[in-house]
Each structure stands twice: as C-alpha cells, then as structure tokens.
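The active site annotation in Swiss-Prot covers Glu141. Look at Swiss-Prot and you will find Cys98, His140, His144 tagged as Fe cation binding site, backed by sequence analysis.
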Amino acid sequence: MAIRRILTVDNAADLATLKKISTPVEAVTDELRALMDDMLETMYDAPGIGLAAVQVGEPVRVIVMDLAREGEDKAPRYFVNPEILASSEDLQGYEEGCLSVPEYYDEVERPSKVTLRYMNYQGETVVEEAEGLFAVCIQHEMDHLEGVLFIDHLSRLRRDRAMAKVKKARRAA
C-alpha cells in the first residue's frame, strides 16, 4: 500500500483531472484492489471519510469510505461503479468539506436518502439504501465521478470565496 498525492483545485492540472468524468471499471481485479488499498491509506492519512479515485489521479468509477467515528474500529467501505437507483424528494443540508478543496467547508443540500447499486471489494453486486451522513458522503463522492466538486453546488460568490480561501491557505503553508 502507498499514500498517493491528493489532487487539489488550486492546481490547474489537478483541477483539469478532477473535472474529468470517470470511466466504469470492467471487473474487480487484484490491480484494482491495490488501487483501493492505496486510496484507503491515503484517505486515512489525510485524514478524510471518503475519497474518489479521480482525486488521486485515477479517473475510474471507484470510491472508498470510512464513516467510523474517532475511537471506533475502522470500517472501510469500497464502491466500484456505484449508481443511484432512487433518491428521496426530501433534502437535507450538511456542511461538507473535501480533501481536494482543503480548508473550506460549506453547506450543500442533497436528497436525504438514496438507493444505490455498486460492486464491493470482492466484486459482488450490492444494492443498499443510504441515509444521513452515509447518503451525504456517497453523493459527494459520486459527484467526483462526474467531474463535479461540492463547491460547484454553491453560488458563484461562495465558490469564488472557496477558491480564494484555498489559495490563501496554500500560500500560508
């Protein structure tokens, strides 16, 4: 396993990659599992709760996630070719952050429940309902697979503020 560099919006080449639509994976192979293991190690190191493959420069439809609270045992989850089958009409607002938009958080409204289908680490197809933080996180990460960042859901003013804050934080570092 290896920690990979996380692409960020303040780098033009990184942003171009982050805006790419990720391609579906044909099968869960040992090579793909190695990528998922690297992604998980990278996410834990950052630290974060979710990471899409495109965020480490691999534009394929793969997500890793761990929603365990601090002090709880790790509970890694793997999502290959995830797709939303159904979404609730009711929305929930949640303050989101992103490893590719460092040091910036803002509220985004998303459906409060979604039903999704994906392949897991073993390549088995799973259908599952997500709600709460799980629903927020899976939708946020699935946006990455479409080349969409959480700040793209914000008004132009708030998006510009986010970019300015990220650039300022990078200069200070």
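For all residues, glycine too, the Cβ spot is worked out from N, Cα and C.
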Using a Cβ cut-off under 8 Å and a sequence separation of 6 or more, which residues in the same chain sit near Cys98 (Fe cation binding site)?
Tyr104, His140, Leu149, Phe150, Ile151
Around the Cβ of His144 (Fe cation binding site), how many other Cβ atoms lie within 10 Å? Please give the count over every shown protein chain.
25
CB neighbours within 10 A of His140 (Fe cation binding site), counting all protein chains shown, number 24
Ten-angstrom check, please: count other Cβ atoms within 10 Å of the Cβ of Glu141 (active site), all chains counted.
23
For Fe cation, what surrounds Cys98, His140, His144 with a Cβ no more than 8 Å from their Cβ centroid?
Gly50, Ala52, Gln55, Glu96, Leu99, Ser100, Glu141, Asp143, Leu149, Phe150
